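J.: Below you'll find the structure I mean.
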Amino acid sequence: MTEPLFSEDDEEFDRPRLAAHGPVRVRVPAKINLHLHVGPVRPDGFHELTTVYHAIGLYDELTARRGDTLTLTMEGEGTGALSLGEDNLIMRAVRALAAETGHDAFARLHLKKQIPIAAGLAGGSADAAAALVACDHLWGTGLARDDLAAIAATLGSDIPFLVLGGTALGTGRGELVSPVLTGGHAWHWVLAVADEGLSTPVVYKTFDELGGVGVAGSPDDLLAALRQRDPEVLADRLANDLQAAALHLRPELRQVLDAGLDAGALAGLVSGSGPTCVFLAEDARHAALLAAELEARACCRAVRTAAGPVPGARVL
Ligand code: C5P
């Protein structure tokens, strides 16, 4: 029996809060999509989605301190490649929270990044969710989780999920999320991280060019498999309509998927818009063995293990 990683009774957002005087540290997870059905393009240019999000234990950490301007520094994954200016989703999230609450958009922010960028793991969205939660605490604005999720939805399709965490059904363009209760069972994953990222808009555009018809369909079978808590059953139900587009743009990902299956993974699929490939393991021990085997094959930049579901952006 594996230890639950995620409590379904989460009251973090229901307590009144005062402004913090010391630094506020927020940890936020990466996400994978266990099911991603892509529907037609809508008039606003987004695709209608039916997805099952799953937060996994691979984290970024954002620290917020009081300041009299808004500044952002970072270390770790993506340093030098990521803009730290006003176009960064963190800055946009802080400005959106300030506009919504009437608070000055002042904070000194520092990001410690472990989630690879442009990887299909929603790292940028995770950081925006962390910024909303961190500044809400720093400023004592005390918004409810639903209010933070509403601001999050204006910033990006999967940011509301990163505020929520756990496992959740996403609809609309992905921004409408409702928790999926799975009884706290832990699933074990191995991630194969690629050298170079893929652009999410380019992957969606390629999906359209390849016919734009999603085949993943309803997530009901996947949701039933989650309740069954049997990784062998779950393995058959994982689905991602963006996988063909990611493979079209990066054919060598096929070798990564094959390497994972050959090494004994129960299943392998591209994570979100890719290029990270994610493999399902039987348990923590199997995940460690699988990771070692994939590392030995040197088929990708880095290999990580992570279990899920875990909570969304939370103050440490
Ligand atoms: O919402 P987000 O900013 O994460 O979306 C990034 C890009 O991914 C969009 O600009 C769009 O090209 C594509 N996308 C989409 N349909 C969705 C979500 C994202 O076409 N439901």
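Cβ from N, Cα, C; glycine included.
Remember, TrEMBL labels are computer predictions, not curated facts.
These came from TrEMBL, pasted as-is:
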type	residues	note
ACT_SITE	LYS31	active site
ACT_SITE	ASP158	active site
BINDING	PRO116, ILE117, ALA118, ALA119, GLY120, LEU121, ALA122, GLY123, GLY124, SER125, ALA126	ATP binding site
DOMAIN	88-166	domain 'GHMP kinase N-terminal'
DOMAIN	223-296	domain 'GHMP kinase C-terminal'
J.: For ALA122 (ATP binding site), list the number of other Cβ atoms lying within 10 Å of its Cβ atom.
T.: 30
J.: Report, in whole Å, the straight Cα-to-Cα distance of GLY124 (ATP binding site) from LYS31 (active site).
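T.: Taking the Cα atoms only, LYS31 (active site) lies 11 Å from GLY124 (ATP binding site).
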J.: Within the same chain, and leaving aside PRO116, ILE117, ALA118, ALA119, GLY120, LEU121, ALA122, GLY123, GLY124, SER125, ALA126, name every residue whose CB is within 8 angstroms of the centroid of the CB atoms belonging to the recorded ATP site, in sequence order.
T.: ALA30, ILE115
J.: How long is the line from the C-alpha of ALA122 (ATP binding site) to the C-alpha of ASP158 (active site), rounded to the nearest angstrom?
T.: 7
J.: For the binding-site residues ALA118, ALA126, which Cβ has the most other Cβ atoms within 10 Å, all shown protein chains included?
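T.: Max Cβ neighbours within 10 Å, all protein chains included: ALA126.
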J.: Return the residues near GLY120 (ATP binding site) by Cβ distance under 8 Å, restricted to its own chain and a separation of at least 6 in sequence.
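T.: Spatial neighbours, sequence-distant, of GLY120 (ATP binding site): LEU198, THR200, ALA246, VAL270, SER271, GLY272, SER273, GLY274, PRO275, THR276.
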J.: With DSSP as the yardstick, break the domain 'GHMP kinase N-terminal' (88-166) down into helix, strand and coil residue counts.
T.: 47 helix, 8 strand, 24 coil
J.: Would you count the other C-beta atoms found within 10 angstroms of the C-beta of ASP158 (active site) for me?
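T.: I count 26 other Cβ atoms within 10 Å of it.
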J.: Quick one: DSSP breakdown of the domain 'GHMP kinase C-terminal' (223-296) into helix, strand and coil?
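T.: Computed counts for the domain 'GHMP kinase C-terminal' (223-296) are 41 helix, 11 strand, 22 coil.
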J.: Does anything in the same chain, at least 6 positions from PRO116 (ATP binding site), have a Cβ under 8 Å from its Cβ, and if so what?
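T.: Once residues fewer than 6 apart are set aside, PRO116 (ATP binding site) is near GLU77, GLY78, GLY123, VAL193, GLY197, THR276, ALA302.
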J.: Quick check for the class: what is the C-alpha distance, in angstrom and rounded, between GLY124 (ATP binding site) and ASP158 (active site)?
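T.: GLY124 (ATP binding site) to ASP158 (active site), Cα-Cα distance: 10 Å.
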J.: Note the mean pLDDT of the domain 'GHMP kinase N-terminal' (88-166), expressed as a whole number.
T.: 97
J.: Let's check the environment of GLY124 (ATP binding site): how many other CB atoms sit within 10 Å of its CB?
T.: 24
